[in-house]
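In what follows, a structure is listed as structure tokens, so that the remarks can point back to it.
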Amino acid sequence: MQLDKGLFVAFEGPDACGKSTVSKLVYQKLINFFNNKDSVILTREPGGTEVGEKIREILVNYDIDPRTEALLFAASRTEHVWNVILKAKANKKIILCDRFIHSSLVYQGIVKNLGYKNVYKVNQFGISKIKPDIVFYFSANPKVLLERKTKDKDRDIFDRLDNQYAQEENLKKIIGGYSSILQFDNRNVIRLDALKPVEELANKICATILERVR
């Protein structure tokens, strides 16, 4: 089935909100719907390209200055946008991206006190005004997120960043940061209750995506 147009979708939220699990299920559901795995791309940030994955390894394995961290995230994102996302969208594909610029604005800009405007400027140099057509934000109570984090042993780069701020008050800072950033431009933001069943969330997201591409 040929799509009428491409669509760039980002999944955002604090660690343990369930967005990665849901995005993978959405990917499988869309592939089954179109009966064509080439119609949908599941990708992530940092990463998504060979260069991006190398940068991800650095971010995971080294403790670095927040400014360096912000620049590395921006570099990975620049490669990702120009070599994967825009090309896929031009070819009328659906791009499902686990995190995008919002994560940098929150984690480096607000949590690490670099200033979200400074982080935004760095990213704009690399990606211009490219932004997702839809941002699904997974909202959850800090206490619930902490409970999930203690149960899940499979940690990654943003999980490491979160672990530096694992106390409930600092999780509130992360969630508050998302609220501030998403208010900055909320025209394409859809808020989801992360406590809803995974299947229910995936079905809602798929329905929204299909409305946009047909």
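Cβ coordinates come from backbone N, Cα and C, glycine included.
As recorded in Swiss-Prot:
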type    : residues                                               : note
BINDING : Gly13, Pro14, Asp15, Ala16, Cys17, Gly18, Lys19, Ser20 : ATP binding site
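According to DSSP, Pro14 (ATP binding site) sits in a coil region rather than a helix or strand. For the binding-site residues given as Gly13, Pro14, Gly18, the lowest number of other CB atoms within 10 Å of the residue's CB is seen at Gly18. Every protein chain shown contributes to the tally, and the Cβ of Ala16 (ATP binding site) ends up with 24 other Cβ atoms within 10 Å.
Listed binding-site residues: Cys17, Lys19, Ser20. The one with the lowest count of other Cβ atoms within 10 Å of its Cβ is Ser20.
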